[in-house]
Amino acid sequence: MKRISYETSTETLAAPFLERDGMMIDDGHRQNPRLPTVSSGDRQLDAEFRRSTTANSGDTVPFVVSAGVHHRGVLFTCEAEPIKSFGSSEKEEGRHEGKEMASCGGGGGGGCGSGCLRDGEEAADDVKGEEVGGVRGRRPPADRDPVLCSKCGEHAAFYGNLCGGCFRFSLFGKFKLAVTSKAMISPTDKVLVALSGGPASRVALQFVHEMQFKAQKSWDASKDQSLPVFGVGVAFIDETMFLRPSKEVEEAVEEIRCSVSQLAPPAKVLHIATIGSIFSADPEGGTASLNEVLEAVSDATGKEDLLHHLRVLCLQKIALDNGYSKLVLGSCTTTIARKVLSATVKGQGYSLPADIQYVDARWAVPVVLPLRDCLAEELTVLCHLDGLKIHRVLDQPHVGINNLVSSFVTRVQDDNPSRARTIVRTAEKLRPFHFNKVTENLSYEMLPSRVRRKLQSERNAEATPSEVLCSICGGPLSNSDIASLKASISNSTRHQVFAAQCCQSCCFQILPKEEASLEHFYSLMPPAMTGRVKDVTTCDYNHLRGRVGAASVTTIVQHINDANVIS
Amino acid sequence: MDGGEERRKRAVGRLCSICHEKKAALKRPKTLDQICRECFYAVFEEEIHKVIVENNLFKPGERIAIGASGGKDSTVLAYVLSKLNQEHNYGLDLFLLSVDEGITGYRDDSLETVKRNEIQYGLPLKIVSYKELYGWTMDEIVKAIGLKNNCTFCGVFRRQALDRGAALLRTDKLVTGHNADDIAETVLLNILRGDIARLGRCTQITTGEDGPIPRCKPFKYTYEKEILDYFSTECIYSPNAYRGFAREFIKDLEQIRPRAILDIIRSGENFRISSSTKMPEQGTCERCGYISSQKFLDVVNDKVVKVGKDFMNKSRAVIKWCKACVLLDGLNRGLPKFGIRRTKDSQKVGEHRVSNSETTVANFESKQCGNLDF
């Protein structure tokens, strides 16, 4: 009998789970390990969710949900659902020679969280002491596969000492922790997931979908139906014009369309747009001007970066046009490690912390990165495990500096697999900006009081002074950049002001050096980008020039923020 | 640069882009300008002068020790500093300071170079050796501990040796020949290691200003490639592949975009390091009296402990030793691993804790007691 079990990994669990679920382990459960006990609504949901995921992964094994916890040699197994074959269960439980073990009934899910926590050490030790002589004495049969999952110890290890189920659960745990602890998705949100065809964004979509599915279940089950279910949409930026047109590319786009439509219920809208759409509504004209803009950039790295910034604007446009309130990107640890190094190498050390946080609310629609703690490799493995289709044909290779940085990250990653995490953790210690946290503007009447209270505390967070953002990359300008902006603010032409408001890095690698081509370049820029500086040109220069300090900066920022709404 | 000018240049065979008179002899690595050799020397020295003036590195009348390894960087530094000192009347007393690690075949050549520099530039030279400071040469240390942690010893000892030598010379400052490539590499390595405190410090042009002898790096913005006059021999004991990684990466970056090195340094300077980041405190070694902002180790009964980890420490006096003293003490007592593998030891304590519940309790308590600092 095949069993699927789900796990939470030791490092990803949050303290709040401990408080709520720490009481799971009690003697009553342990005495009757096979008694399915569901002690709270939450846990029931978890269990239901697991069943749904079991079904999703295409596995038709019976609904046996088990969650084991391995903590410093102590192992708990939580089982729900009656087990038909006594023999198999005994084998599975007795597999851990030399490990104390406690089994308890319950929905699994949150329950296993308690033991996984480092903070839960004491509890684990206590239970261990009582448990001696319980299930511990059973001996494993001799015909066991030696490499077993280090969490549940029941299935063969699949990736990084974890079996498929435990591995999947640990990844979902990281995602869920990021979403809940950073308040990324609230019930009233409408979430747009950016899908690129790569593994990270595919997993992001899958996880968001599962979360929505779970929320829908809970909504259906609840009496008052007070908490609404958040909406999910998918955006796919069609960049196939940069690829050699082939049958595979067309098929890939069609498969993406297909996979999104299969995710229902609740149904998800797929928005497909080209980057050209931010230049003009006419697709031909948009593509033409996009190409013209890219032609104007001589540096290969600059071209790639500009394309990235335009892509971000395009996603914002889709989100804004369709009334989404959050934009989910699949940026994973590896991507962010690359971003950290490439920003450092490009001299963007000041603005670097803005781009790597879980939440980036400097845009009209806040951007969230729930997969920030997952490695690219893990996500790829999960895609294989769950049969999620990855479309490598849509990949565009990195060039120039970005290419060097990616191969460097791959190299240090080979040297030490945790290196990408270290890089991200280092950058995490840099001071983030004020916009790197969620600011909600919800209608509070819709929400139940407990949610309302939480949001209010966030809202009362102190207001910090604003930053001037680079007109191309949107990165906050460093003090020296602002000083040069102030020096040149008297320039009368718009393109000069536009150029003055670029960070040094964008100035070097994107802006054309000569005046004439700069003017041409500016004329090609989409309104969404030039709009950021539009109001600076019309506002009072004397005021800006006169007061060199925070006040003038704030004024510029207000104007920029007003203009920042993407048309 | 319009097309016409460029064409004309090509016809003549490229003139120097600064003086427009002589034939361009080299492509300047930092800017890719085609310039003649004379202009390159002038620009090179001018830039270093500018860095010195803009950052107020020296005050008139100061005694300055130049850390001289005999390599290209320090040799060029000694030459340029003595030249600028005369040209611009800095009014500095310059000294050469070398460290003899006692590595056969490695330092011999470079010490010869330093001695040559002493005569060439007329700067007094002081050589401090590990043997006289610590009683051990590197060769003897390697014989005792093998090739595994030798670089730890060498680095810790050298750092202190330079400070001690500078103190012997009664100098006010110590200048080192770290160049822009070195600093960019250090920025990357600190990101890779997650060392936020060092990441904040490593781009400062002057460090240790609160200590007895500040150190500064006049070559902070000078590219390694530009430090032309070079004759270096690789250290025979340090095949440190990891440092090589980042170095190679920087060389690749420089090839695509020469300004990347300066960009990395600028990033390092602009990092928003939060004020709450713990910075190392300055202290005095209770064994040798060495003052430093380096990490001091807590020693109880001749054993290195981590305060708060070891539950025995509440009953015994904790002495603060500098790393060099700890390493040296280990060497002298025939325990070469002493003071190096602390992390592994604490892991062992962790394992022990799980298997023995009594220790668990004791350890848990000691965590609280340690904080109270009895």
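Each residue's number is its place along the chain shown, starting with 1.
Placed from the backbone N, Cα and C atoms, the Cβ positions cover glycine too.
Source: prediction; values computed, not measured.
Here is what TrEMBL says about this protein:
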type	residues	note
BINDING	B:Gly67, B:Ala68, B:Ser69, B:Asp73, B:Val99, B:Gly177, B:Asp182	ATP binding site
DOMAIN	B:64-234	domain 'tRNA(Ile)-lysidine/2-thiocytidine synthase N-terminal'
- [ ] Compute all pairwise C-alpha distances among B:Gly67, B:Ala68, B:Ser69, B:Asp73, B:Val99, B:Gly177, B:Asp182, the residues listed as binding ATP, and give the largest one in whole angstrom.
- [x] 20
TODO: Taking the Cβ of B:Ala68 (ATP binding site) as the reference point, list residues of the same chain whose Cβ is under 8 angstroms away and which are at least six residues distant in sequence.
DONE: B:Ser74, B:Thr75, B:Ala78, B:Leu96, B:Leu97, B:Ser98, B:Val114, B:Asn117, B:Leu125
Task: binding-site residues compared (B:Asp73, B:Asp182) - the one with the fewest other Cβ atoms within 10 Å - done: B:Asp182
Task: Segment-level pLDDT (mean, integer) for the domain 'tRNA(Ile)-lysidine/2-thiocytidine synthase N-terminal' (B:64-234) - done: 84
- [ ] Give the sequence-ordered list of residues that share a chain with B:Gly67 (ATP binding site), lie 6 or more positions from it, and have CB atoms under 8 Å from its CB.
- [x] B:Ser74, B:Leu97, B:Ser98, B:Leu162, B:Leu174, B:Val175, B:Thr176, B:Gly177
Task: Collapsed DSSP category at B:Ala68 (ATP binding site) - done: coil
TODO: Only counting partners 6 or more residues apart, tell me which same-chain residues put their Cβ under 8 Å from the Cβ of B:Ser69 (ATP binding site).
DONE: B:Ser98, B:Val99, B:Ser110, B:Val114, B:Gly177
Open item on the list: Through the lens of DSSP with three states only, how would you label B:Val99 (ATP binding site)?
Closed with: strand
- [ ] May I ask you to report the DSSP-based helix, strand or coil state of B:Gly177 (ATP binding site)?
- [x] coil
